[in-house]
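Per TrEMBL, domain 'Threonine/serine exporter-like N-terminal' is recorded for 150-389. Among the features that TrEMBL reports, region 'Disordered' is placed at 25-53, 68-91. Residues or ranges marked as transmembrane segment in TrEMBL: 263-292, 304-325, 337-355, 376-396, 408-427, 434-453, 459-475, 482-503, 515-538.
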């Protein structure tokens, strides 16, 4: 009897010592309480013993440490990884294990064999999932502090990738649920992200600024893929932080001279869509190269300088174009002026703003609308100032040019435009066919809608037909995320040039025509957003008819 009692006590001590390191299953996550994590204060000390610990992370660099904790081959830890138990806990576990082993040895070989068999069965059951694939659901549940750091960094990257805030909120809350924290709450804004992960005793809250940087399309693709894998439980917080840091700090795949050529090509494509002739192409390409050089050289400057850069670029380009017109050069104003400035047109920003408003994200939608309107005002001020200096009325920009290259000119411009986008915004070669297909379908839908319904409704038709294709591409094995193929489509459909012309005419004094153009521009933006929502609904209906599960592809856009 004494031996049996000693064996029972030893077994209990062994279980208590190993419980910190065992693998949690999904059912255990829902039924058992989790110990609260011990967050580390920014200054290296201990945090205050308040009920809610607050960790403020001002930037993505602060949220992602340079070196993440990894395990040494001998079982040690190189850094303070939140997923690795502290040294004191490991020492306590080792001591308890030694005591349990001594007790079992005293109890007899039979007790040792029984405990060993039970431990082996538990390890084979819990450590390896039945399907043989290790996922975040099968791993040790991350502590609240580690998960919070990952969610705040991922949320900041998603906002910087121009994702609608409704999708950011939905994605982060789903990742929290997958990792065992179903009560995760997220507040996403265009310039900030706030995440709260509840614990059994303490809640972890973190906040960070966002929207202060922009990513290339290859970086956007990486960020969205990391978010999707995390949402499906295939990537844990620690691994996700590593991948996210690598994605947002990756250098451009093309050299600067290639990106410069990409923007020149980008400008030539827009000029062809607007009906440019050969002199227009020469002027648009030259001024596009000038603007691209300035933009690439000042890419890391502050927001204040970026605003001045928009104004200065608009003034310089407009002064050159108006000067050429003043001396009698055979160029068209619209085809020569708009393409070099297309980088600054806030088409995607304005369209995303309307999508936010359509999904009842009033603060985010209003803020993005205001930012887009301010960008248009800066461009219009530069154009009007140059027109006043040279002596040409800015209202003549509204004159509609003819198609110098015939009916095939705009279609050639679409192809050239996509090539320029791929080079300047660094689209991956594997994504190029899908991006080209989405842009061509968008422009074809816009042309067809213009023939049937007119100008404003043409944007709705174009957005509605390109949306299912972009979502379908996102579901293919080598297809890019929907947002990557959507942004170039936005840049073709958005009424940025139309809005620019309307604001310029209003500033120049032709208020009636200018206000009418601005109202038409706003109606076109609403039409684009409604077209996106219609396309998402059609895609979801098609999946339901086919019997596929709705895995949230459409949520990537609205």
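Along the chain as shown, the residues are counted starting at 1.
From the backbone N, Cα and C atoms, a Cβ is placed for every residue, glycine too.
Just so you know, TrEMBL annotations never went through curation; they're auto-generated.
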For the transmembrane segment (408-427) and the transmembrane segment (337-355), check the count of CB pairs under 8 Å (sequence separation 6 or more) and say whether it reaches 3 or more.
no
Of the stretches 263-292, 434-453, 459-475, which racks up the most C-beta pairs under 8 Å with the transmembrane segment (337-355)?
263-292
Per-region confidence, the domain 'Threonine/serine exporter-like N-terminal' (150-389) (mean pLDDT, whole number):
89
